[in-house]
Amino acid sequence: MLEKRVELEGMKVVEIEKCRSDIKKLREEMASRSNSNFLEDSKKLTPRRDVPSYPKYVLSQQTIDALRKPTFDVWLWEANEMLSCLEHMYHDLGLVRDFNINPITLKRWLLCIHDNYRNNPFHNFRHCFCVTQMMYSMIYLCNLQEKFTQVDILILMTAAVCHDLDHPGYNNTYQINARTELAVRYNDISPLENHHCAVAFQIFSQPECNIFSNFDPETFKQIRQGTITLILATDMARHGEILDSFKQKVDNFDFTNEEHVTCLKMVLIKCCDISNEVRPMEVAEPWVDCLLEEYFMQSDREKAEGLPVAPFMDREKVTKPTAQIGFIKFVLIPMFETVMKLFPQIEEVMVQPLRESRDRYEELKQIDDAMNEVQKKKSENLTMGGKKK
């Protein structure tokens, strides 16, 4: 029995080593892949199958109801189930009916979207689903179908689906500092967001994925412009400029004013893009780990390449509480409270959870600080003891 146990323990060690080596290979592959040309694999832009064959999940009434709320648990679903949920949203909002979208084309388009999100820790297909589901729940919560045209609703949903297509897992700062192909192509102006737009419309240029094929040229032009405007608005470098513009309009907001409506749509996609902390703690917290993993991959690479490293991305300087407190206090709460002026109904289900999240992370930080203080005193005492000897 002992021999058997020793043998099993030995096998475990071998398996662990194999796992480590597999992870190392995967990391190297991801790094070389993000270095290589974007979208080399043009096959990704065409759907994998002639007739989409992902299983048609029959969504239960419970799922259908939950899907309309910010509390929806986005971790419970596999890719095929998320695709079925996205398909349901387009049908449920009346977009398929009102715009005569071919249901098979919708399926193919969604499959193609899925294939063009990379397996990054954070900026992946589940993030795309998260952002779109939050947009869908805000459309219901704020009764946006009563305020906006169906074209506006289509733009909001489609921009959410496409907003991070083919994200390489390294942000604009890295692209610009490393002088990547994307930064050169887009002259350092929102290189990633411009790329997401370009990939989105490369996909629409495939007839079998073009959900807009029945639109007249003028409406298509309007949707294209609207979608591009919203995806470009997700560049956080423009956060202050976009929020200030909205603040100037919000007190005398006019839903018949096109400029006002466009500004609101830009703020809505921004809210959805960074809305994880609105969700229940058990749904929100894993996303922080995912984001930090992606940040650390970037900062490790920046150090290796001799590029500047942002403190909030440095594994030696950042903790979960420090990463979240400032972001929730100075970015999320002010933006959602401004939207609340127009839609008071979001306070209970969106703004209050943000305040609770801020308080929880501040408590965690106090505990961390106290532990660090204890640790510091211990090491000081050890040092003093050593000197006395």
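Keep in mind that glycine also has a Cβ here, set from the backbone N, Cα and C atoms.
Residues or ranges marked as domain 'PDEase' in TrEMBL: 47-368.
What TrEMBL records for HIS123, ASN124, PHE125, ARG126, HIS127, ASP164, ASP273, GLN324 is AMP binding site. Here GLN324 (AMP binding site) comes close to GLU277, VAL288, SER357, TYR361: these same-chain residues lie at least six apart in sequence, with C-beta atoms under 8 angstroms from its C-beta.
Among the features that TrEMBL reports, active site, proton donor is placed at HIS123. Listed in sequence order, TYR117, ASP164, HIS167, GLY169, GLU294 are the same-chain residues six or more apart from HIS123 (AMP binding site) with CB atoms under 8 A from its CB.
Residues or ranges marked as Zn(2+) 1 binding site in TrEMBL: HIS127, HIS163, ASP164, ASP273. All protein chains considered, the CB of ASP164 (AMP binding site) has 26 other CB atoms within 10 Å.
Per TrEMBL, the feature Zn(2+) 2 binding site maps to ASP164.
Among the features that TrEMBL reports, region 'Disordered' is placed at 370-389.
According to TrEMBL, the compositional bias 'Basic and acidic residues' annotation covers 370-380. Summarised by DSSP class, the composition of the compositional bias 'Basic and acidic residues' (370-380) is 11 helix, 0 strand, 0 coil.
For ASP273 (AMP binding site), the same-chain residues that are 6 or more apart in sequence and have a Cβ closer than 8 Å to its Cβ are VAL131, HIS163, THR234. Proximity of PHE125 (AMP binding site) to non-local residues of its own chain (separation of 6 or more, Cβ distance below 8 Å) is seen for ALA79, MET82, ILE113, HIS114, TYR117, given in sequence order.
Of all the binding-site residues listed here (ARG126, HIS127, HIS163), it is ARG126 whose C-beta has the fewest other C-beta atoms within 10 angstroms. Report note: the Zn(2+) 1 site is defined by HIS127, HIS163, ASP164, ASP273, and the residues of the same chain whose CB lies within 8 Å of the CB centroid of those residues, excluding them, are HIS123, CYS128, VAL131, ALA160, HIS167, THR234.
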